[in-house]
Structure formats: C-alpha cells, structure tokens
C-alpha cells in the first residue's frame, strides 16, 4: 500500500529523561523514526524534554520543542502546531502514557488528531491488565492465573486461594516499577500498597508466580496489510522472575527445539495480529523447561529496549521501518537497507551469537539492594557478538568496564562456600561471576541447575570456559591452546594472567604466529545475499570481511555502557564528531559496545566495529584499519583511560596530547601548571597512605574533600570533618596506594559554576558559563545549572573566562575542555579540569546554537577557530534563560540514599527554557516530575549549621499559604525566632512520624538537610526513602528548595486585607 497522502504533519513524542528502565534506546528509535518520516516527505514536529539526545537536534525534525512532557505543555504545542497525526510508539512508556492522557482529556477528538502505529484500543489491551487477560482468553493463549486488584485486601484474598509465591505487576508503569515477587502475606501487603500508588490507574495484577520457567522474547513487526514477521527471538540466561532488562540475554534463542520455537513464534504473531499493531511489538513468554507448556507474560505495543537490542543484533532497523509502516507503507514494498536488495518482509537469519549483559549502578551505590527481581535496576547494557556463545559472553564481560577481563572476579576466591551458594541462589547483579566461581570450585552443573533453574546448556558453556582455563594452566606457551582460547573469546590479558606473563608477551606471541582476529559482517541474511553494511564484529576464523579503505580514516572511541556519571551525553558528542570527520573528507570509524545508542546505528559512521573498548580490542582494529589517528575526547572516561596505553603502542592520539591529558588528571602536575598560570585553587595535597592523608588534612584544616584520582562522576568522594572520619574513609572507601593516590582538598563552601571551552591551541571559544543552583558539595551532575548565569557579576564572569583561556592554552588543549569553579567572597578558584567533552556539551550546544563537538573535531583535524568564523573568548549570551535539571531513579533502587552530595546519583536530565528565571525553573521542575502544589503542608528537618537559612525559607513558604511542620530541634529553633511550626513525632511514633504522615498523604513536600559530616543517620534515610516511595517532592539542598519557592511565589497572587 502506498504511503498516506491525507496527512502532512506528524508529531513524534520523545521519551523524556533517562531513567532506569528507559534509557538511550529511545533516542536511537526516535532519531530513526523522525529521519524516516522526513525521508518520506512528511513535516515532523518533535517534543521531548531531554536535551542530551541526538533526537532533539534541529536537523532531526522540522520543528523541535524541548519542553516538559506534561499534558499542559504537550497540549499547548499541539494547539500551536495542529499536527494531523501523532506517533507515540517511539517514546517508550512516556510516549504511550502521554497518548492515553491526550485521548482521555478529549484533545485528540477535539482537534481531530489520529494516533499512528498503535491504536488506543491496542495500547489499552496490552497495558490494562484486565483487557489483556480477556484478549488472551479470546485467542486461547495461556496466561498465569491472575486477578486485578484495586485494594490490598483483594490481593490478600486472591493469594490465599492460589498460594504463594505470587507476582505483583502495577498497570501502566515502566521497567516493573512498584512490582515484585512475594513469598508471604507481609511482603504482598507492602508491595501491593506501593504498586497501587505508583500505578496511574491505581490497579495491580496479582498473578501466580512462574519463576523458574525459561523466559523467551519475540520481536515482531506487522503492517496495515497484515503482513507480519519475527525480526529476532531472544532467550534470557536467567529464568522468569528477573526483569528482562536485568537479565543476561542471548540471540538467537539457544535451547529451544524447532517445535518450541514454532509454537512460541505462532503465538507471538497471533497476538500482534489480534492487537492490530502497525509497527514493532515485543512479546515475552515463559516456557516450562520440562513440557510444551507456555504462558504469555506480557506484550509491549511499542518499540522497546528489546527492539533496540534486536535491531543491533540483526542489523534490521526496527524503528525506521515501524515509522514507515505507521504512514501506510508495507513490509513487502520497503527495501531492507542492510542488503539494499532484499525486502523488509525477509526474516533476518543469524550465523553468530549475540550476548547482552546489563550494567548496574552498584559500583556507585554500595548500600543499594542488589537482589534482582521483577523491578529493573540496570542503568545500561553492553552487547557483544561472537561465533559461539562462550566468545560473545566473554567479550560482553570485558565490555562492562567493572574491572574484569573475563567471567571471573578475583575477589570471590576468598569467600566461603556457604556465602557462594547463597549468592548463587539469590540472584544479584553479579550472579554470573558467582556461578563461574562455583564451577571453578568443582560444583557440578546439575547441582547448580537445581539451585538456580538456569538451563544446563548455559551452565555447560560456563564449564567449558573453565576447562579451557585448566588446559591453558597445563600447557604454558602452547600455540594450539592459545588458538583455542582465542577462538572462545579469551582476552590476551586473561591468558597472560594464567601463564604469569605480561599482556604484551601474549600479543607478541600471537603476532609472531600471525594469529589475528578477522572481522565478520552483520548482514541480516547469514551471508546468503551481498550486504552493503559496514557493520563488523571480531572472531578468530579464517576469512576477513572488513577491507581497509583507500581513504584516510579516523577512529572515534565511544563511551561504552550507560552508567551513572557517563550517560547518553557522551554518545551525543561521539555522533557529532563523526559528522565533522565525514564533512572533512575522512572515513569515520566508530568503535563501541552499547546497543542502545545512536552511535552504534550502522548508518551513522562509514564503518562500525561492535567491540569491547579495551586496549587489545582497539589495537586489533587499529592494526587492520591503520587510521590516521584516534579521537578519545568524546568517549568519556572510558576512552580517556585508553589514551596512555594506545599512545605507548605508537598510536597517534588526535587533539590534546597524552602528556597534557596527564597534566590535567595528575594532581601534582596539575597543581604545578596552575601555579605557573597564576590561577588559584583550593589548597590540597596528594596522599598515598593514611599517615600522609592525616598530615595533609592537619595542614589544610578541616573540613576537607577527599577522593581517589582518575574517576568520573565523583565516585567515592566525601566531605570529612575530623580525623576519625578521615581514618574511616581511608579504611572503607578507598585503598590508597602509590599507584592510586587519594586527593585531600580544602572544602570551600561557595557558589559553583562550570564552563565548556573549545580550543585550537592559540585561541579559545567559551560558548557559555553555567551557574549551579546548589552550592559546592553537590556533584555538578546532580546540580541544577542555569545559563546564562543570573547571580555572577560581570567581573567574575570575566575572571572565569580569563582563567579558562589561560588553562586551555597552558595545557595545550586541542578540542574540548571542561572547567569547574567555586566562588567565595568574590574570589574564583578552579576545582577541576577535564580535558575532554563533558556531560554538559549537548545542553550548551542546544542553548547557544554552537555545534560544540563538531567544532572541536574540526580543530582536532587541524582547522582554527578563525577558519570557522568564531571569535576568541566568551560567546554572546542568549536572551532566554535555560535550566538543566537532574533526574533521579531512586524509586527503582531500594536502600540507596537520595541525599545529594559529592558522589553523582542522577541518571538523566531535562531542560526548561523561557523568558525569565522563574518560568524556566517552573518548566524544569515540571519536566523532572517535581510538581509542587501551591499550598499544603511542608516538613522541615534541618541540620544545625543551616537552621538560620532554613528559617527564612520557612517564613516565605508560610507567606504563600503553606502550613509549616518540623521535627523537634528544628521546631524549637523556629519557635525561638518567632515562627510557630507544627511538631511532628520522632521516627517510630506511629501516628505522627514523618513516614506515616507521608503515607497518608498529609505532607506535600519535605526539606531535609544534614551537616557537613553527612553521617548515615537512619532516621534521615527513612524520612527520605518514604518521600521517594510516595512521590513527595524532597529537597536535600536548601538551594533547590529556594529555587522551587521562587517558582511558587511567582505563581502566587498577593492577597491582603485593605
């Protein structure tokens, strides 16, 4: 069927900020969809609140709105733009929920706007637990016994009838938010109460647990002519009971017989046809390992995380084709862009194995609840491709960047058998490593299967890896053993460990015997047809399919999996860098391991290598491609950490040189550089042991900020007030050593701001200064940032610009640089310099209109700012006010304290822009879901050192109609100063303590601060987690509360008696 002519203007709804459960895969999907619709001649309007995305670049759609994804704002944009249709299926759960809200509010009917892709009835049938159950019964598809409940009592009655364990699934939530497996009535009551609150329709499904079944997923496509096909089937390593986003996944399925595969395939196609979905859809099924019995678990009537994985695993561009299907094109008339000859109706065939392993944030959150269940906890994922399962699994392990080069954690060799068995049974994020350790200790795979319900096939593969390790131990320097290990994915580093040699020795041995990897193409058709895609993975076989180009090439290193501190912002910079390389006439090669991102879309670069970002894997690509040089500036700390070893191997690092990168990262060299440049910094010293650290702190004076050197996202950073705390920090948080010194700095409690600069070595362009709303002590990634600055004098801005210029030129910076400053008593100090692209690049690029990563790349390739038409110094400021606000995923991470501090905790960001600070702040708070009612009750529980400041805030809250409540000490202080506050009870005082008041809806906001010492006070943590669980706005920094107050005051009318 030809594309529709009756619609011209289509609105695409984005997925908003990155949170756990909804990450970069939607930037990838949305970007593909917008470009596909433009390609077909439609006018595309995009709405999204996340500035860190490629999708929100001006050239992706005809009009781009970076506005809050709330009914209020989306309605305004719709009324202004009057689109003919809306495509909501590429914006994740956010997009679907927005479509439902627009429909319920009558806006779609009122303006005669059509929904494309998935009809409302299908969204309802797939998402509303009752309707889904009815549909499955009509289709004769088995689902676990279940009931829909709207109260806790209904849940208890049902569970008593069918027996425990049961699973709770709240309706219309994302990534299993609020759900869980319950083994007792007590757990059921707690989880259901929470789930009902988090479900927008106050509805939960309670179902019989089928934990232990195999979990299988089918990614299916259908068009308006009812053509349907399976793009990819995937099998979870972990059985049902662990959210698929937290499971290790293999594609294609590994343990299904033909009969089982056909049975589940038929079920999936039957479901997508019944739902009449036009586009992509994901079906999750549970299969009994011992019979042909299966159950349908759920259906996502949209592009999802699994579709991004399926797209990258097969090369089949699901989102692009889904967008075209939505406007009437059919699968049998669209060409598959990979082969350029076959049609999209052709089901992909794979002659390789793909492994996906999730990346969890527990290296940042040591106290987080690590046990996995039906609620997702991973922030990102890695994917690896190999010719056998062992190879793809080991490549994925070393892609994770968690300090392992194999499926082995050396620290586990010391744990007791008892602890090992517990960890194998109770699945945590690192269960794979415990299983492998158990096999190394001689546990049989049959024993492990009965404990974990993981299929024997997978456990046998882990056993095979251990057998190869043993073979290597017995045959040191043996060429055949080396070849076998390489064929099954072993890294040079692991083989070197076993043979007690250096990694370079193994590399030399391989080269002397011409043992190199070859690169195979991902072609969707198992090499049956010629493919045109330059998309490759390495393996140790005979035939190489990747040929070095005759054009000069540049290799750009990506940033690996998304984790806290290194998010989609770095992928944004990578993609822009590639565009600039191509414009300059070079061939652009990307190397990355993250399946969710735009950079790993094969159409972005001239060549894509889907490989781990390790020295060995990068060198193998360099040996084959012989690029002119490598760019490491845009891949976050991942790429920067590879610079030294690549340079030592004779590779040309383009842009800022390795010794200059080192001067910015190495404490003593940096201090020396600042002294020479005449730039003040907080007093500080490096310490390699406890004694030195105590000596340094004594000299500098408490409080001090302590942290390890060479980290990203403020990992293991703390503010300490006395000797005891410093000793405690050194013993528990870091292992200080001469190789890994710790930094001890004077802690300056002042205003923070940061600058991104672009330098060609002679002149320096400063696109803008961002002022942080929260004072020093809160990580820059967790602060709200304002551009242009609202409270910095002209003189301070000039000083900042001057220091930035001196630094860029003094450190021989070519390309990007980020500098952070703290200002106290009109004195400007430099806190740190990062000689690379930072997480503020997308935001600043959007608000200034300067394509920063592209300009930086042009300078790296030899042009000057003058050539590009840019002046030296601070760029003219925008007339609008722009706010970048952090977004957190605390609802997904039990036992992670939401208190803000020097260690980064946010997973994403939103942006608010308007003509005044108050309006921009209002938009930023709305966009990150911190909606505060205009009156109500607010609780203050404040540390002694900030009570005076909190008092003035409390008075202002009272003036606009809030009732002030406070804990004992705070209430007493307020009373002394003449402000009466309602006293709340101590924790445990059942009727009147804060968690109880919050649970019963009596509290609209909480302001809770702790002293500099920031001790893990149990009461404070209970208060904070109750606010997070119940969705009550929580302010742990007074500056944020003050910003919110500014918004409320601006929306208030003055009401006075005459």
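Cβ atoms are placed via backbone N, Cα and C, with glycine included.
820 is the residue from 795, 797, 820 that Swiss-Prot records in the ATP 2 site together with 707, 746, 748, 752, 777, 778, 779, 780, 832. Cα separation, residue 832 (Mn(2+) 4 binding site) to residue 215 (ATP 1 binding site), rounded: 47 Å. Working note on the binding-site residues 215, 832: by count of other C-beta atoms within 10 Å of each C-beta, 215 ranks first. Recorded residues residue 215 (ATP 1 binding site) and residue 298 (Mn(2+) 1 binding site) have their alpha carbons 11 Å apart, per Cα-Cα distance. Sequence-distant contacts of residue 834 (Mn(2+) 4 binding site), defined as residues of its own chain at least six apart whose C-beta falls under 8 angstroms from its C-beta, comprise 664, 817, 818, 819. The Cβ of residue 298 (Mn(2+) 1 binding site) has 126, 132, 169, 284 as same-chain neighbours under 8 Å, each 6 or more residues away in sequence. Over the region 'Carboxyphosphate synthetic domain' (1-401) the predicted model carries a mean pLDDT of 93.
Residue 129 (ATP 1 binding site) sits 12 Å from residue 300 (Mg(2+) 2 binding site), counting Cα to Cα. With respect to their backbone Cα atoms, residue 208 (ATP 1 binding site) and residue 300 (Mg(2+) 2 binding site) stand 20 Å from each other. For residue 284 (ATP 1 binding site), the count of additional Cβ atoms within 10 Å of its Cβ stands at 21 [all protein chains shown]. For residue 242 (ATP 1 binding site) paired with residue 300 (Mg(2+) 2 binding site), the C-alpha to C-alpha distance reads 17 Å.
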